[in-house]
Each structure stands twice: as C-alpha cells, then as structure tokens.
C-alpha cells in the first residue's frame, strides 16, 4: 500500500470510528492527486550569507534557524508554482529593491497556470520598488501585489480567474487575494460534482449559508428553481456577484448576512435593510433544501434549529468533530442518506467531508 493510500485509509477509519453510533451509510471516498494539488502556497523568504531562498519551519516550533526547512521546490504545490519558484527568486535576487527586506511570499495559481504573487516586506514600498516589481511582473508574465504594514500595492490585479468543470459545464470563478478558496482544485471539482449529485431531484428553491465566492452556489443553481445565498464577507460577496454575472446565471440572489443574522430574518425577529435593498423577500421563496459549508466551529445552536426545519440538508464540513456534534442534533429529525470523504488536504490530519440528510417521515428513516 502506498503512503498516499495508507493516509487516506487512516482518514476513512477515523471517520468510521468518530461516527460510530450514528446511522451513517458507507463513506464515499474521493481521492486527491498525491502531488501538485495545492493551488496556493506560502513561504518565508530566508536571507543567509548573501543567499536568499524559500523556507518553512517545523510545525510547533519557533520560526528560526533551528526549525528551518529550505524549500527550493514544494511537491504539494501546483506545477505552475513549482516552475515559477526558481525564476522568481532568481529575478528578485538581481534587484536590491526587490531583494532587500523581502520577508514572505504567497502564490495563488489556477489549473490553467494563471498566477498571482504577493510579495510581503518589512519596509515601506516606494516608487523604486514599484518600477522593479513591474519589470519582474512583465518578465515572468504574472500579477504582483506588494504588501507591507499599512500598504497594499496592486500592480495589475488582485485576483485570478479559475475555471472548474462540473458535469458538462465550465464555471468561471474570480478568486481574490487574501479571501478563502478551496486550495485543492482537483478535489474541489469532485466536491462540486458530489453536491450536484446529492441535489439531483430535490427541486424547489435552495437556501445556502456561508456561500463564500459562490463556489457551490453556481453549479447548484442548475438543480433548483431559485437560490438565495448568504455570506458576511464583503470581499466574498463582491466576488460571488462577479461570478454570477460572468457565468450568466439568472436565478441566484446574494444577501450579505451572517448565518446568525439570516436566522433572525427568517424567523421574523429582525428586519434587515440589506434584504430590502437587494429586492429579497423571504416569503417569495419555497425552500426545499438548505446547503451549509460552515467554518471549523460548525453550526451554532440557533442556526442549527433553522437548518433542522428543512426537508433536505446538504452539509459540507471542514471539521469532522463539529460535524459529528451537529449530526447528533440533526439525527433527531433527519436521516443521513449519503456521506463522503474528500481528501482536500493529503498527508495532513485535516478531513473534508459531506453528508446529505433527509427529514424523517412519521419518525421512520427513509433509508
């Protein structure tokens, strides 16, 4: 058994143990490539004896020479990132403006090879730096952002445009520097396919909480009459709106509300001007399904009460422990019809998973 296969089996075994006692079907397992799967990567820039190189540090140890790991290549990162790494360091090394006090770098790439590089400094960035960075940007055919304390200099653009294939359709996504995106694009496509499969035949309208840049929203919109998606981050809402227009989708509306705020609006506890200004009347919707992709902390108690009211729940989780806690509550009203493990983060302990729940009929399981 290969190292990759073994670590994936270990994750599946962990889920089986964690969810023991709950009526969960066999876990569907979606593999990742074993290398070049990360579209994002971050490194410190280490300066030593006139040399400059990429570095990471041993987990749990203080950043410094004793815990230093030199990274001339990084197998987990996309091939585009690996190709660019030596070129970027070589070009930057030739310029004092680019080299001096360069502290860290962040790469954001796409499946097509588009590249955004954020160069982080411990100095004020001036016109001389901008001129040098523009020359580097042109030479390497990338987009560059310069960051320092209190400064963000965007030389061309602060985003990349990713294309993900779901079924027979390509979806374009604007992914903005510093905002959340799924780092493993290959597995992300599998997650989108799975979610669309879980939604097959559910019909009606869809409510989505924590929609981000519309990663799941866009393909799921093909499975429902209308979609109302909520997200609190202004940056993510802006990206989601661009993505909706770029993909010419006409049945999605975005509400800039947190999950907690939406719960208050849905239950009639509060009215929100943001909903009215967006032309959103909750009474117009006939929701059959709710889709949730919460942060690591899981779904809070009040929002969980809201979620439990829906006939169908599609729940994507980045933390199986909080998923288990939430399912202990949801299992009182729903049965788990499907369960999936997505290996979004190979060779780490992190597990991404998904479940489809359907409301029990007369207290009996549908399964």
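Each residue's number is its place along the chain shown, starting with 1.
Using the three backbone atoms N, Cα and C, a Cβ is placed for every residue, glycine included.
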- Query: What does Swiss-Prot list, out of 293, 300, 311, as binding the same S-adenosyl-L-methionine as 182, 210, 215, 231?
  - Reply: 293
- Task: Starting from the Cβ centroid of 182, 210, 215, 231, 293, which together make up the recorded S-adenosyl-L-methionine site, report each further residue of the same chain whose Cβ lies within 8 Å of that point, ordered by sequence.
- Result: 180, 211, 212, 213, 214, 216, 236, 316
- Message: Among the binding-site residues 231, 293, which residue has the fewest other Cβ atoms within 10 Å of its own Cβ?
- Response: 293
- Please list residues from the chain of residue 352 (active site, proton acceptor) whose Cβ is under 8 angstroms from its Cβ, counting only those at least six apart in sequence. 187, 191, 316, 317, 318, 341, 342, 343, 344, 345
- Query: If you draw a 10 Å sphere on the Cβ of residue 182 (S-adenosyl-L-methionine binding site), how many other Cβ atoms land inside?
  - Reply: 26
- Looking only at 210, 215, 318, the recorded positions on record, which one has the least crowded Cβ, with the fewest other Cβ atoms within 10 Å? 318
